[in-house]
Amino acid sequence: MADEPLVLGIETSCDETGVGIVRGHTLLADAVASSVEEHARFGGVVPEVASRAHLEAMVPTIRRALKDAGVAASDLDGIAVTAGPGLAGALLVGVSAAKAYAYALGKPLYGVNHLASHICVDQLEHGALPEPTMALLVSGGHSSLLLTTDITSDVRPLGSTIDDAAGEAFDKVARVLGLGFPGGPAVDRYARDGDPKAIRFPRGLTGPRDPVYDFSFSGLKTAVARWVEERRREGADVPIADVAASFQEAVTDVLTRKAIRACKDHGVEHLMIGGGVAANSRLRAMAQRRCADAGIELRVPRPKLCTDNGAMVAALGAEMVARGRSASDWDLPADSSLPVTEPHVPGRTPATAPGHHH
Ligand code: KG4
Ligand code: ZN
């Protein structure tokens with residue numbers, strides 16, 4: 001539909017400079033420049049390096065997105081940007097760029113939440129999010145179960161990790177196995193040739209008295225490191241594929257079990273899985289089977305939309321415009337700890353109706 005909002009989204013919360021353009025639920029462009037290789041030798045994202053890379057990549061990535069989408073900047077109905085959570089300096093580059101473009105073009109600015117964006121991106125894959133939807137958000141910085149009845153205004157956290165995020169556990173286990181950074185994709189690849197039942201690693205917080213919707217992956221990570229050290233001490237070979245598969249099985253088992261439990265407890269029939277770890281092939285397969293058994297509809301975006309990107313920010317921005325949410329103020333701050341309960345940062349005074357009807 002031609003009157004669906006055309007929105008450009010900017011994402012710079014971590015090491016990906018993402019610029020996406022959507023029209024309503026339709027993806028028009030998804031340009032991403034990553035600085036991941038510059039961080040690899042440090043074994044993790046270095047904030048200052050990420051900020052500088054965002055600064056260098058910003059204008060070319062915006063130009064590329066506009067060209068890919070075949071739209072003029074003047075046709076946009078709004079500019080959306082990740083206002084948080086994320087690395088403060090990295091966020092600041094995106095927020096400053098979004099303000100500059102929005103102000104120069106005379107378009108409304110929407111500061112949105114990175115986590116809500118990871119959920120909303122599924123509209124580009126499977127159409128309008130069912131209301132309510134249960135979201136399992138698993139990334140390098142977060143692991144949460146979120147219940148949403150309206151992605152622009154109501155995101156309720158049911159549980160989250162009490163120590164490491166799921167992606168962090170993948171990255172740390174990959175380091176122990178010498179597979180480099182980021183570790184998730186490498187563990188996923190090695191695990192394909194391994195036996196997921198070879199080693200029985202612990203399932204954190206699954207005891208009868210444990211919190212039902214919270215996660216813990218630090219014990220699992222330590223168990224894997226100890227198992228590997230023990231083998232090395234004995235002078236034995238480390239079966240990398242089996243360790244990767246068994247570790248991945250433990251993570252996936254807990255994530256899917258708790259997500260389905262949350263759906264059942266709350267009478268929710270739709271589960272979406274988002275964030276970088278949702279790109280994991282075993283998680284996708286196990287969730288598919290267990291959801292089918294439980295009569296729950298599973299929605300997982302394609303892997304490229306699960307990892308950080310600008311299209312997800314644009315998708316949430318478009319939803320803000322479509323639902324008439326107020327734009328952000330020009331002094332919109334980058335908030336490194338923006339709460340998940342705030343899908344966007346509204347302006348102090350209700351904005352005039354955004355869009356092109358004037
Ligand atoms: O959402 P994301 O791109 O950035 C954050 O907001 O954190 O997630 C990155 C995380 C990293 O920890 C990475 O190792 C993990 O997602 N990841 C994966 C896979 N692809 C990315 N973890 C497991 N399997 C994968 N295939
Ligand atoms: Zn993310």
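Note: Cβ is positioned from N, Cα and C throughout, glycine not excepted.
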Further binder of Fe cation named by TrEMBL next to HIS114, HIS118, taken from the candidates ASP308, ASP329, ASP331: ASP308
Annotated companion of LEU137, VAL138, SER139, GLY140, GLY141, GLY184, ASP188, ASN280 at the substrate site, TrEMBL, chosen from ASP154, ASP171, ASP293: ASP171
Other same-chain residues whose Cβ falls within 8 Å of the Cβ centroid of HIS114, HIS118, ASP308, the recorded Fe cation site, in sequence order: GLU11, SER13, CYS14, THR82, LEU115, SER117, SER139, GLY274, GLY275, ASN309, MET312, VAL313
Which binding-site residues sit within 10 Å of HIS118 (Fe cation binding site) - Cα, from GLY141, GLY184, ASN280: none
Binding-site residues compared (HIS114, SER139, GLY141, GLY184) - the one with the fewest other Cβ atoms within 10 Å: GLY141
Close binding-site residues near ASP308 (Fe cation binding site), where close means Cα within 10 Å, chosen from LEU137, SER139, GLY141: SER139
Assigned conformation of LEU137 (substrate binding site) - DSSP reduced to three states: strand
Tertiary neighbours of ASN280 (substrate binding site) (same chain, Cβ under 8 Å, six or more apart): PHE170, GLY184, ASP188, GLN248, THR252
